[in-house]
Amino acid sequence: MVRHFLRDDDLSPAEQTEVLDLADTYKADRTSAKPLAGPKSVAVIFEKNSTRTRLSFEVGIAQLGGNPVIIDGRSMQLGREETIEDTSRILSGYVDAVVWRTFAQKRIEAMASVSRIPVINALTDEFHPCQVLADLQTIRRVHGKLAGLTVTYLGDGANNMSNSIMLGGATAGMHVRISAPAGFQPEQWALDDARKRAAETGGSVEVVIDPRKAVEGADVLVTDTWTSMGQENDGRDRVGPFRPYQVNSALVASTGVKTTVLHCLPAHRGWEITDEVLDGPDSAIWDEAENRLHAQKALLVWLLENSS
Ligand code: CP
Ligand code: NVA
């Protein structure tokens, strides 16, 4: 059986912990372990822009002794008439794993449906599970645990980060609160899937529209851009409704506790987050970005070791 990572619940709670433990090992020692020596090749394909994901996969695969093959998906035959399934069959004959950043989740599901090698979601419109693995690693290193902590996500409650925080956080046994304006609430399927996972772990998922109430007692605050890639021209007002959800000093103070602030980046300074928070003492954002490297190395090695 081939293991894929298309969404956060493709890892069980115990498997998620195994990956996070391995990620901490790689953070402590970046270069000794070479499980991809040979080398194994990994195709890393982008149909949207990327700084962190591209760099962290390319560097991480090389550190593991592997051969990263970075491709602009828009220049592939995939960008013309070749089907996703035929592309996947070709990739399975050349490389040992595929990492793909694309648009609709159904595209990466089509890639995985015929793949003989692991497929990893490097961001779709619906999920960003590699980011949330790094977020969980970061939170666990600050707070010493995940289960039982409260994480509040503020912003677009229906985007990839919101969905992955709900599903990945619930997998870790966290209490997840989503705070989003009217019209940008989580979709019902995403709430249902995350609550199903939370029921297994003792976590919870709730929607709290008032941002000040949503952050009360929160151990972690997470935000993201109000306009995700592909939404630039969707005709919706993606500023006005979000202003009360800005992560600024006053909102951080409203937690009433020592909190940790995360943002997957790129940040739109002065919009969803202010400079004083992003660069301030509660921010773990730069460590979070670095942890993409360690978490993805761990994920890749885990998927390859657990596939047959
Ligand atoms: N956070 C994140 O995925 O960053 P990039 O878009 O730069 O890869
Ligand atoms: N929600 C953002 C995340 C960027 C890493 C987007 O999809 O553009």
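Glycine residues also receive a Cβ, built from the backbone N, Cα and C atoms like all the rest.
Unlike curated entries, TrEMBL annotations are predicted automatically.
According to TrEMBL, the protein has these features:
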- 3-140: domain 'Aspartate/ornithine carbamoyltransferase carbamoyl-P binding' (DOMAIN)
- Ser50, Thr51, Arg52, Thr53, Gln77, Arg101, His128, Pro129, Cys130, Gln131, Cys264, Leu265, Arg292: carbamoyl phosphate binding site (BINDING)
- 148-303: domain 'Aspartate/ornithine carbamoyltransferase Asp/Orn-binding' (DOMAIN)
- Asn160, Asp224, Ser228, Met229: L-ornithine binding site (BINDING)
Mind looking up the mean pLDDT for the domain 'Aspartate/ornithine carbamoyltransferase carbamoyl-P binding' (3-140) in the predicted model? 98
Is any of Cys130, Asn160, Ser228, Cys264, Arg292 (binding-site residues) within Cβ reach of ligand 1, i.e. under 6 A, and which? Cys264
Binding-site residues Ser50, Arg52, Gln77, Cys130, Arg292 vs Asn160 (L-ornithine binding site), shortest C-alpha separation belongs to Cys130
Among Arg52, Asp224, Ser228, Cys264, the binding-site residues in the record, which have a C-beta under 6 A from ligand 2? Asp224, Ser228, Cys264
Counting other Cβ atoms within 10 Å of each residue's Cβ, which of the binding-site residues Cys130, Met229, Cys264 comes out lowest? Met229
For Ser228 (L-ornithine binding site), what is the tally of other C-beta atoms lying within 10 angstroms of its C-beta? 20
Cα-nearest neighbour of Ser50 (carbamoyl phosphate binding site) within the listed binding-site residues, Asp224, Ser228, Met229: Met229
Which entry in the list of binding-site residues, Ser50, Gln77, Asn160, has its Cβ near the fewest other Cβ atoms, using 10 Å as the limit? Gln77
Measuring Cα to Cα, tell me the gap between Gln77 (carbamoyl phosphate binding site) and Asp224 (L-ornithine binding site) in whole angstrom. 32
Which has the fewest other CB atoms in a 10 Å radius around its CB: Arg52, His128, Arg292, the listed binding-site residues? Arg52
Closest of the binding-site residues to Asp224 (L-ornithine binding site), Cα to Cα, picking from Arg52, His128, Cys130, Arg292? His128
